[in-house]
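What Swiss-Prot annotates here:
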type	residues	note
COMPBIAS	351-360	compositional bias 'Basic and acidic residues'
DISULFID	C31-C37	disulfide bond
DISULFID	C35-C46	disulfide bond
DISULFID	C265-C288	disulfide bond
DISULFID	C267-C310	disulfide bond
DOMAIN	47-60	domain 'LRRNT'
DOMAIN	261-312	domain 'LRRCT'
LIPID	C390	GPI-anchor amidated cysteine
REPEAT	107-129	repeat 'LRR 3'
REPEAT	228-249	repeat 'LRR 8'
SIGNAL	1-46	signal peptide
Amino acid sequence: MLPGLRRLLQAPASACLLLMLLALPLAAPSCPMLCTCYSSPPTVSCQANNFSSVPLSLPPSTQRLFLQNNLIRTLRPGTFGSNLLTLWLFSNNLSTIYPGTFRHLQALEELDLGDNRHLRSLEPDTFQGLERLQSLHLYRCQLSSLPGNIFRGLVSLQYLYLQENSLLHLQDDLFADLANLSHLFLHGNRLRLLTEHVFRGLGSLDRLLLHGNRLQGVHRAAFRGLSRLTILYLFNNSLASLPGEALADLPSLEFLRLNANPWACDCRARPLWAWFQRARVSSSDVTCATPPERQGRDLRALREADFQACPPAAPTRPGSRARGNSSSNHLYGVAEAGAPPADPSTLYRDLPAEDSRGRQGGDAPTEDDYWGGYGGEDQRGEQMCPGAACQAPPDSRGPALSAGLPSPLLCLLLLVPHHL
């Protein structure tokens, strides 16, 4: 080493300055202003900063990006790095997502776009390329329709949150590519009809929530193929009748909620009543709204004599296909004109299980067991800071890097006491 350089390095301040100069070309990308970053796993947390756009110069190694509770309006291609695994954008002002925005995020596993009240439509290829996506959140937006191929190619998707939108209709085969989907949340929309092939392809579905819609008809084959479904919520709709064949296609069903519908307990109720005589499920009450002499009674508690004047019902067996030339009203179980509307229901969760003919024994699973790992979107939407991003345990994360304090400067600060 040259004598002059040796003397320079013997001065602590000079040595630190040289260290800073040498470190600059090798320094990791800086953390965006007002954000907090972690090194392991690479995480950028920028929530609740009133950002109107995604921060520039995000570290390309970022795997988790939290941008919720900002004012972001538009998403464009090239904004996000290809290493992302988790992307939270809920509770922003999103109104436009340009085609190709997520196309190169082939590693992405979770995408939360929920609670964006200005997001009224999506392009057909919005989610193209997200073959590893497992969880997609689109709750509480203003979506009134969905393109027929919007979910095409999402072969790894397990959780789909579409509740509290303004959806009026679901196209047949909308979910055809979602063979691994286990949870589908559609409650709080404006759906009026469930068609024959609306849920085709969902062979792994475990929970289907359809309460709080405006359903008037369910096709007798609407649930065909849902052989693993255990939870079905249809309460707080406008259903006066329901084809017994529809429920007969659900051999694994354990929890059924049908309350707060204007059930007609006349001859139209016989198929549903007959299904209840054979089924072993935990069910809510099914209160009769008509005819007047049966108003207030539970449909499940009716007797064979109550249907004595009805024409003989064709026997149905679980999983059997509908035969014959039936009218559309019979296929869908549509209520007659003038049926009273459903009473408003506040029972959106944790409904009591009422089933005198249901499972026996203390070891049977309860509904709470099935919901133990589910965090409602209402609670999540209020979350200002993900705990995993804001509190980094020392054994799982590297040091937090705050924007505005380059790490080489720490060296200079540590040397200050040597000169006092």
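Cβ atoms are placed via backbone N, Cα and C, with glycine included.
Shown here: features listed in Swiss-Prot, placed on the structure.
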{"residue": "C46", "record": "disulfide bond", "contacts (Cβ under 8 Å, 6+ apart)": "P32, L34, C35, T36, P55, L65, F66, L67, N70"}
{"residue": "C265", "record": "disulfide bond", "contacts (Cβ under 8 Å, 6+ apart)": "C288, A289, T290, P291, R294, R297, L299, L302, D306"}
{"residue": "C267", "record": "disulfide bond", "contacts (Cβ under 8 Å, 6+ apart)": "F307, A309, C310, P311"}
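Within 10 Å of the C-beta atom of C37 (disulfide bond) sit 24 other C-beta atoms, taking all shown protein chains into account.
Fewest other C-beta atoms within 10 angstroms, among the disulfide-bonded residues C31, C35, C288, C310, are seen around C310. Each residue in the domain 'LRRCT' (261-312) gets a DSSP state, and the totals come to 22 helix, 9 strand, 21 coil.
If you average pLDDT over the domain 'LRRNT' (47-60) in this model, you get 95.
Secondary structure by DSSP for the repeat 'LRR 8' (228-249): 5 helix, 3 strand, 14 coil.
Shown for the repeat 'LRR 3' (107-129): DSSP residue counts in helix, strand and coil, namely 0 helix, 3 strand, 20 coil.
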